[in-house]
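Chemist: Pasting a structure below so you can have a look.
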Amino acid sequence: MATGSTELLIGWCIFGVLLLAILAFCWVYVRKYQSHQESEVISTITAISSLAIALITSALLPVDIFLVSFMKNHNGTFKDWAENNDTRIQIENTVLIGYYTLYSIILFCVFLWIPFVYFYYEEKDDTDGSHCSQIGSALKYTSGFVLVCSCLLLIGAFAPLDIPSKANATELDKIKLLFQNLGSSNGLAALSFSISSLTLIGMLAAITYTAYGMSALPLNLIKGKRNAHYERLENSEDIEEVEQQVENIKSKCKDGRPLSSKDRQALYKLQEKLRTLKRKDRHLEHHENNCWTKCCLVMRPFKIVWGILFILVALLFIVSLFLSNLDKALHSAGINTGFIIFGTNLTNPLNILLPVLQTVFPLDYIFITTITMYFIFTSMAGIRNMGIWFFWIRLYKIRRRRTRPQALLFLCMILLLIVLHTSYMIYSLAPQYVMYGSQKYLWENNSTQETAIGNSSALVLKDCDASAPEDQCTVTRTYLFLHKFWFFSSIYYFGNWAFIVVFVIGLIVSCCKGKKSVIEGEVEDDDSDLSDDEDHP
């Protein structure tokens with residue numbers, strides 16, 4: 001038991017180190033994109049905290065898998081310290097408490113704290129009222145989110161997971177079953193339903209941003225950016241052309257005649273365009289003479305290598321996701337079970353790799369962290385390229401050192417939801433690994449063998465799957481949270497197909513696009529000249 005406790009302690013210590021690394025990453029990440037002129041302490045802390053909570057929750061996944069796998073020997077028997085079922089339940093409950101705590105904090109952030117901070121700064125920008133009036137208005141709008149959260153918790157608590165299978169079951173029987181469900185783990189069901197609903201939104205965000213970013217990020221690294229010198233020459237020609245057009249319009253009023261409304265409107269547009277072109281010229285001049293630009297030329301081969309590596313990883317994910325979904329389509333128990341599969345019929349690369357890495361702790365920890373960070377970076381690439389949209393309305397643009405507090409909160413909210421969906425994405429890629437880790441069990445073969453003594457049954461060592469006996473294999477708490485309601489799993493299944501389609505479309509679009517400007521995102525028509533100070537302090 002002492003050895004087991006020591007190794008369990010090591011697992012939790014690595015989780016603690018990862019927690020500190022997550023906090024450091026979130027701080028650097030948020031500070032990189034927030035506007036230094038409009039930065040606010042509360043919005044910064046909120047963005048860092050919400051993103052960190054999501055990443056910490058995803059970091060519990062390998063701990064959960066490690067604990068259930070560590071309980072068993074390679075020969076399929078439980079270790080001495082884990083033979084007692086109460087001990088196993090106690091260990092798993094520590095993970096369950098962790099999930100309860102973190103998921104509750106996520107609900108608090110999504111439905112109360114982030115909306116409140118967002119609406120507070122919206123009111124601050126729109127009105128010059130007192131702090132009390134701003135807080136009152138923010139609370140009024142936030143109450144709608146609290147109402148939605150309450151409804152989700154109630155639906156999750158009261159929605160029965162099963163219905164009587166008998167044809168002659170009365171409505172009274174169904175109501176009795178409903179209250180029986182309420183009496184057992186209704187808190188878990190309520191929290192699971194709420195988190196699954198958020199994960200569903202995260203799935204839509206992943207389809208929109210992550211799938212596109214997985215193709216856009218590597219191809220942008222491979223193609224590189226335009227040459228600053230030649231881009232500046234083209235911009236100088238555009239400046240001369242616009243200046244000539246401005247002079248032509250102004251020449252019409254040299255004799256004292258006023259300009260027509262059409263000419264005044266055209267002159268205003270040309271002057272705005274000229275202002276933008278001159279700002280663009282200043283930025284191009286800065287990049288042309290900057291030492292960092294010259295260093296980037298030296299680093300160009302490394303960027304190409306990273307781009308090739310990223311596109312190979314993306315293809316590995318897509319192929320694994322396709323094979324996993326195809327396996328569910330051909331061999332699952334059907335849509336009413338959430339497309340659950342018994343065993344693995346079509347193997348995919350990640351489903352083979354993860355159980356192998358899991359035997360050498362903490363290789364799977366590192367791999368899961370890498371997958372999560374990969375999703376973060378590709379999602380960020382998709383958001384940066386597309387901006388934050390609400391249907392056909394573009395709400396915010398995400399730019400380095402230019403992102404407003406409200407946009408930063410939106411950004412971290414989207415990333416939080418995408419990270420929540422990452423756990424299900426990993427399950428889609430390696431369902432056996434997420435459910436049981438590397439657990440094995442001894443299965444008694446029904447066929448008998450004749451021996452000198454008599455007939456005897458053969459014991460076969462098998463990997464744990466959904467058809468395994470409950471007393472022989474321990475299911476991870478992650479799986480219980482993700483698959484408490486079968487209809488969410490069915491929606492995720494179809495969402496995976498949509499993810500694959502969007503990735504292919506994004507890959508084609510990214511291949512057809514040309515190189516990006518060296519000052520991409522630095523100059524926009526709605527920027528002021530003062531915003532240059534943020535780029536060139």
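Glycine residues also receive a Cβ, built from the backbone N, Cα and C atoms like all the rest.
According to Swiss-Prot, the N-linked glycosylation site annotation covers Asn75, Asn85, Asn168, Asn345, Asn445, Asn446, Asn455, on the basis of sequence analysis. Feature annotation from Swiss-Prot assigns topological domain 'Extracellular' to 1-7, 69-98, 164-186, 325-362, 428-484; the stated evidence is sequence analysis. Per Swiss-Prot, the feature topological domain 'Cytoplasmic' maps to 29-47, 120-142, 208-303, 384-406, 506-537. Among the features that Swiss-Prot reports, transmembrane segment is placed at 8-28, 48-68, 99-119, 143-163, 187-207, 304-324, 363-383, 407-427, 485-505, with the record citing sequence analysis.
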Chemist: Residues with Cβ closer than 8 Å to the Cβ of Asn345 (N-linked glycosylation site), same chain and 6+ apart in sequence?
Modeler: Asp327, Leu330, His331
Chemist: Please give the sequence-distant neighbours of the topological domain 'Cytoplasmic' (29-47): residues at least 6 beyond its ends with Cβ less than 8 Å from one of its Cβ atoms.
Modeler: 109, 113-114, 117, 120-121, 398-406, 408-409, 411-412, 530-531, 533-534
Chemist: Between the transmembrane segment (407-427) and the stretches 8-28, 187-207, 304-324, 363-383, 485-505, work out which stretch tops the count of Cβ pairs under 8 Å.
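Modeler: Highest pair count goes to 187-207.
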Chemist: Could you list the residues of the same chain, at least six apart in sequence, whose Cβ is under 8 A from the Cβ of Asn75 (N-linked glycosylation site)?
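Modeler: In sequence order, Lys440, Leu442, Leu461 meet the Cβ cut-off.
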Chemist: Cβ distance under 8 Å to Asn85 (N-linked glycosylation site), same chain, sequence separation 6 or more: which residues?
Modeler: Asp471
Chemist: Report, as numbers and ranges, every residue of the chain located at least six residues beyond the transmembrane segment (304-324) whose Cβ falls under 8 Å of a Cβ in that stretch; write 'none' if there are none.
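Modeler: Tertiary neighbours of the transmembrane segment (304-324) are 214-215, 217-222, 224, 346-351, 374, 378, 425, 428-431, 496, 499-500, 503.
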Chemist: Give the mean pLDDT for the topological domain 'Cytoplasmic' (120-142) on the 0 to 100 scale.
Modeler: 75
Chemist: What else in the chain is close to the topological domain 'Extracellular' (325-362), if you only count residues 6 or more beyond its ends and a Cβ gap under 8 Å?
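Modeler: Contacts of the topological domain 'Extracellular' (325-362) (Cβ under 8 Å, skipping residues fewer than 6 from its ends): 10-11, 14, 62, 65-66, 69, 316-317, 319, 428-433, 437-438, 463, 465-467, 483, 486-490, 493, 496-497, 500.
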Chemist: Going through 48-68, 99-119, 187-207, 363-383 one by one, which has the most CB pairs that fall under 8 Å from the transmembrane segment (8-28)?
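Modeler: Going through each listed stretch, the top one turns out to be 48-68.
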Chemist: Kindly assign Asn345 (N-linked glycosylation site) to one of the three DSSP-derived states: helix, strand or coil.
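Modeler: The residue in question, Asn345 (N-linked glycosylation site), is coil (DSSP, three-state).
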Chemist: Per DSSP, what is the residue tally for the topological domain 'Cytoplasmic' (208-303) in helix, strand and coil?
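Modeler: Here the numbers are 83 helix, 1 strand, 12 coil.
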Chemist: Is it possible to list how many residues within the topological domain 'Extracellular' (69-98) are helical, extended or coil according to DSSP?
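Modeler: For that range the per-state counts are 19 helix, 2 strand, 9 coil.
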Chemist: By DSSP, how many residues in the topological domain 'Cytoplasmic' (384-406) are helix, how many strand, and how many coil?
Modeler: 5 helix, 8 strand, 10 coil
